[in-house]
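Down below is the structure, laid out as C-alpha cells.
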Amino acid sequence: MRMEAGAGAYYAAAPHQGAMPGFGGAVDEQQAAGVGILLQISMLVLSFVLGHLLRRRKFYYLPEASASLLIGMIVGGFANISNTQKSTRRWFNFREDFFLLFLLPPIIFQSGFNLAPKPFFSNFGAIITFAILGTFIASIVTGLLVYLAGLIFIIYRLPLVECMMFGALVSATDPVTVLSIFQELGTDVNLYALVFGESVLNDAVAISLYRTMASMRTSSSGQNIFLVILRFLENFVGSMSSGVGVGLISALLFKYAELGVENLHNLESCLFVLFPYFSYMLAEGLGLSGIVSILFTGIVMKRYTFYNLSEDSQRFTARFFHLLSSLAEAFIFIYMGFDIAMERQSWSHIGFIFFSIVFILVARAANVFSCAYILNLARPPNSQIPREYQLALWYSGLRGAMAFALALQSVHDLPDGHGETIFTATTSIVVLTVLLIGGSTGTMLEALQVVGDSNRYRHPYEELA
C-alpha cells in the first residue's frame, strides 16, 4: 500500500531528515506542505462557491458533488502534465485508510444522526432488504456476468473469486449527488428514506463482502458459502450491537452526569463529539464494521442522547456535525478527482470497462426489481413500492468514493495487473455515473412525476436553525 496520504498522514510518509547542519530539507518539506494544503483549501472554497451558485440558479445538470469531482480532476490533470514536485503531489494521493478512518466517519454519523425517524423506521424492513439481500444479488450478478463474459472471450478473463471481488466493490452505491437533488426538488419522504437508508447500509455490506471474498481468495482451503454468509451476518449484527451499545452508554452518561449546567457546556459538547469516533474505532478494533457501528450510534444518540444535552449544546453539535460532514463530502470528491487524474490507468482492456458498465446496470436492475417484488408480496396494496419509486431507486445507484477506495485496495490485493484493470474499470464507472446519471437525476425525477414541494424532505438540523 502506498505510504503517501492526505494531510492527516503526510508526516508519517515524509522522508526523515538526517542530522545535517542546516534546515534546508525540512524547509523544503514544510514549503511543499504549505503549497499542498493551500491548494486543497482553494479547491474546497471553489467547490462550495460553485455549488452555491449552481443551486441558486437551479442548475441541476452539475450537482455540487459532480463539480467537486471535476475540480479535482482538472487540477490533478494540470499537476500531472506540469512539473509539480512529488513532495506536493503526495498530499493528494488517495489513501484508503485515511478515507475510511478520517473522512467517512463524520458522513456516516451525520447520516444516522439526521435520519427522519418515521419514514426510516416505517420502511426499515425494505431498507434492510435492499441493503443486504439486494447488495448480495447485485454483487453475485455482476461477478457472474463478468466471469461468464471472460469465459467466452468477450472481455479480459479474471478468476471467479476476483470477479466476485469486483462485483462486491462496484455494488457500493454513493447517491450523495442524487440525494441533494432529491432535497432541492422535494421528493416523497418514503422514496428519500429508501434511497438514503439503502445507500448507507449498502457501503458496509459491500465492504464486508469484498473482505470476505478477498479472504476466500487467500485461503488455502475452500470455504462453505453458508459459513461465509453466517460470518457476514455475525459481523453485521455485532457491529450494529456495538453501535447501539455505545449510543445507549452515552445516553446514560448525559442523563445522570448533570453536564448541562452553564459552566460545563464545553465539556458536554466535547464528550458528545467523541462518542461517535469511539464507536467507530471500537468496532474496527474488534474486527467489525465501523460504518454500521457509527450509523446506529448516530441513530441512538439522536433519539436518546441528544435531548439530554443543554439547548446551546444541541444547537452546536447539530451544526458541527453538519459542517464536518459537508467538508468531508466535498473533500472526498476533490480528493478522488485529483487521484483519478494522477493515477496511472490501465486502458489495455477497453472491452472490460464497457461491459462492466452494462453489467452493473443489469445487476442494479436485478437488485431493485427483485427485492421490490418480494417486498410487495408481503405489503398491503396501499403501502406497496410503486414502479416509479423502483425506477428512481435503480437510477440512483451511483458509484462513488467507497467503490473507488475498494478498487484502489484491489490494486494491492490482486496480482498480474488484475487489480489495475479493476481499478480503471471502477474509475470509469465512478466518473460516468457521477457526471452523467447525477446530472440527469432532476430530469428523471420530473419524468417519473415523483417531485413536489409538499413532500420536501427536511433534515432535522434545519428545525434547530
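Using N, Cα and C of the backbone, Cβ positions are placed for all residues, glycine too.
A quick note: this is a predicted structure, and the numbers were derived from the prediction, not measured.
Some features that TrEMBL has for this protein:
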TRANSMEM  32-53  transmembrane segment
DOMAIN    47-446  domain 'Cation/H+ exchanger transmembrane'
TRANSMEM  60-78  transmembrane segment
TRANSMEM  98-116  transmembrane segment
TRANSMEM  128-156  transmembrane segment
TRANSMEM  191-211  transmembrane segment
TRANSMEM  232-257  transmembrane segment
TRANSMEM  277-300  transmembrane segment
TRANSMEM  320-338  transmembrane segment
TRANSMEM  350-377  transmembrane segment
TRANSMEM  389-410  transmembrane segment
TRANSMEM  422-448  transmembrane segment
Residues of the parent chain within Cβ reach of the transmembrane segment (277-300), under 8 Å, 6 or more residues beyond its termini:
100-101, 104-105, 108-115, 200-201, 203-204, 207-208, 235-236, 238-240, 242-244, 246-248, 250-251
Contacting positions for the transmembrane segment (389-410) when only residues 6+ beyond its ends and CB under 8 Å are counted
1, 65, 94, 96, 99-100, 103-104, 130, 165-166, 168-170, 172-178, 187-188, 190-191, 194-195, 198-199, 203, 206-207, 210, 332-333, 336, 340, 360, 364-365, 367-369, 372, 418-419, 422-423, 425-427, 429-430, 433-434, 437-438, 441, 444-445, 448, 450
Per the 3+ Cβ pairs under 8 Å rule, pairs at least 6 apart in sequence, do the transmembrane segment (422-448) and the transmembrane segment (60-78) touch?
yes
Let me check one thing: do the transmembrane segment (98-116) and the transmembrane segment (32-53) come into contact, meaning three or more Cβ pairs under 8 Å with sequence separation of at least 6?
no
Same chain only, please: residues at least 6 beyond the ends of the transmembrane segment (191-211) with a C-beta under 8 Å from a C-beta of the stretch. Say none if there are none.
108, 111-112, 115-116, 119-120, 122-124, 126-128, 130-132, 134-136, 139, 165, 168-169, 171-175, 178-179, 182-183, 232, 235-236, 239, 289, 291-292, 295, 385, 389, 392-393, 396, 402-403, 406, 409, 450, 457
Chain residues in Cβ proximity to the transmembrane segment (350-377) (below 8 Å; excluding those fewer than six residues from its ends, i.e. six or more beyond):
125-126, 129-130, 133-135, 137-139, 141-142, 145-146, 149, 154-156, 166-167, 170-171, 384-385, 389-390, 393-394, 397, 399, 421, 424-425, 428-429, 432
When you scan the chain for residues with a C-beta under 8 Å from the transmembrane segment (232-257), skipping those not six or more beyond its ends, what do you find?
132, 204-205, 208-209, 212, 268, 271-272, 275, 278-279, 282-283, 286-301, 304-305, 308-309
